[in-house]
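What Swiss-Prot says about this protein:
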| type | residues | note |
| --- | --- | --- |
| BINDING | Glu268, Asp312 | Mg(2+) 1 binding site |
| BINDING | Asp312, Asp314 | Mg(2+) 2 binding site |
| DOMAIN | 262-343 | domain 'Toprim' |
| ZN_FING | 40-64 | zinc finger |
Amino acid sequence: MGNRIPDEIVDQVQKSADIVEVIGDYVQLKKQGRNYFGLCPFHGESTPSFSVSPDKQIFHCFGCGAGGNVFSFLRQMEGYSFAESVSHLADKYQIDFPDDITVHSGARPESSGEQKMAEAHELLKKFYHHLLINTKEGQEALDYLLSRGFTKELINEFQIGYALDSWDFITKFLVKRGFSEAQMEKAGLLIRREDGSGYFDRFRNRVMFPIHDHHGAVVAFSGRALGSQQPKYMNSPETPLFHKSKLLYNFYKARLHIRKQERAVLFEGFADVISAVSSDVKESIATMGTSLTDDHVKILRRNVEEIILCYDSDKAGYEATLKASELLQKKGCKVRVAMIPDGLDPDDYIKKFGGEKFKNDIIDASVTVMAFKMQYFRKGKNLSDEGDRLAYIKDVLKEISTLSGSLEQEVYVKQLASEFSLSQESLTEQLSVFSKQNKPADNSGETKTRRAHLTTKARQKRLRPAYENAERLLLAHMLRDRSVIKKVIDRVGFQFNIDEHRALAAYLYAFYEEGAELTPQHLMARVTDDHISQLLSDILMLQVNQELSEAELSDYVKKVLNQRNWSMIKEKEAERAEAERQKDFLRAASLAQEIVTLNRSLK
């Protein structure tokens, strides 16, 4: 069992770690007054309700209630243990961390196996790269890359490598270094023979592209065949390390550029990303052989608002663009589309016309989703033909009718009227027909029920019982004034009605008894339970008077203690009813007297 992290190390790490900087690696934050706000990473939202306080060094979401300090943020975001979060930040801020502390959480028994998988991937990334750059076996692969426009600088930047044309070289290479074959199969690096006689290498005679997770660790590979081998591209399978529906290629490198440019450029494949980065579009990322998912969108939305889609110009690429734009817009993203000329993908375009033209004429000249759709609707239609022209105009009007802004609708109606020499009035009239068709039937009863439900839900969230509010206010004053802690110890002790309140009070009592300095930062560092940490951030956000008057204190204490008596009265009344049912009138009379006594204590 590892030793406990010394308090002075925890304090040093917390003082050095800037919570705005740490959370800013995950969430796009904007300063509003003294605090910073962004979209909560713990629940879906389109309006920022996630607050970070640099003064108090805490975060709090007014939407879902998540909250805590820099350590609890990493615990909730990454699944770290407390020790892991302290160790991670100590490393980030170059603070010496004791060697005798066990960092990995016992709650993750698979972590040692995953660690071996990660080590194998990192080792192979370096080995594959060495084979490509420094050996005669890798010369053909290197020549291929150079002929395709890859520079040696780009090859080094993305650590591109080469897998030998061998069935068992990597198998022997890994076994010799102490890796289990079964574990490496689970990591996606080896394949078990059908007859069960052993294992063979998954990647053979391929140019190897390492795939990193969002923190920069290698978790998978994609191999491009050099000869006639099929498939042309082979990706690692899903593994405990690699989940393609949750990973965006190059995101760990692109994140800072995305923040700086305030946009992300999304491609369909990693080859497009590498070419785009060489063209100085460094905010480039890609999905890994899968359609855009909700998880991808959540990652993007936490970091940026504007997404430029740059997919292939074939039919499949157009349809993927439509699907991705719809998903992104539903989550509150501003979407634009980079239009590639027909028959080309982004990589082809860059090789044909150059990186500067790609950046200026394609990426920086991206269009709105509506403009892209208007171009898409033209495909396969002869606009000189009246039938095709009418079909096109109807398609465009239907799409315009789905736009939420009347100003935006007017812009495209004017554009349509000008292009086809039609009156704007007739188009607007037809537009109103489509707009009415878009509106769902209003079931007033159902609507009222839904509104009532939402109102009730909001009221439940906003209104708390009097005793609960009293406990929260007592805790808030205790956090601001040491003298209040002593008064609450004497009058309430541990008689808080809510378990989390009782636990937080225990922390405050301990600080008081130790004579320790009581600050939000010190208390947050001591609290390792996420529920208590969340409660603490919530309480710290409460607005209370600078001083607690004796009348207010007495009122809060009375509400807290009376609640326990109310609970006891209910229990006694239930016992009395049962005694009367059993015809035990002597016990019923005794219980009635106890109830009278309890009722008197409420006054």
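From the backbone N, Cα and C atoms, a Cβ is placed for every residue, glycine too.
Note on Asp314 (Mg(2+) 2 binding site): other Cβ atoms within 10 Å of its Cβ, all shown chains, come to 14. Distance from the CA of Glu268 (Mg(2+) 1 binding site) to the CA of Asp314 (Mg(2+) 2 binding site) is 12 Å.
Counting only same-chain residues at least 6 apart in sequence, those with a Cβ under 8 Å from the Cβ of Asp312 (Mg(2+) 1 binding site) are Glu268, Ala320, Ile340, Leu344, Asp345, Pro346.
Cβ neighbour count for Glu268 (Mg(2+) 1 binding site): 25 (other Cβ atoms within 10 Å of its Cβ, all protein chains included).
When secondary structure is read from DSSP and collapsed to three states, Asp314 (Mg(2+) 2 binding site) falls in the coil class. Residue counts of the domain 'Toprim' (262-343) by helix, strand and coil are 35 helix, 16 strand, 31 coil (DSSP-based).
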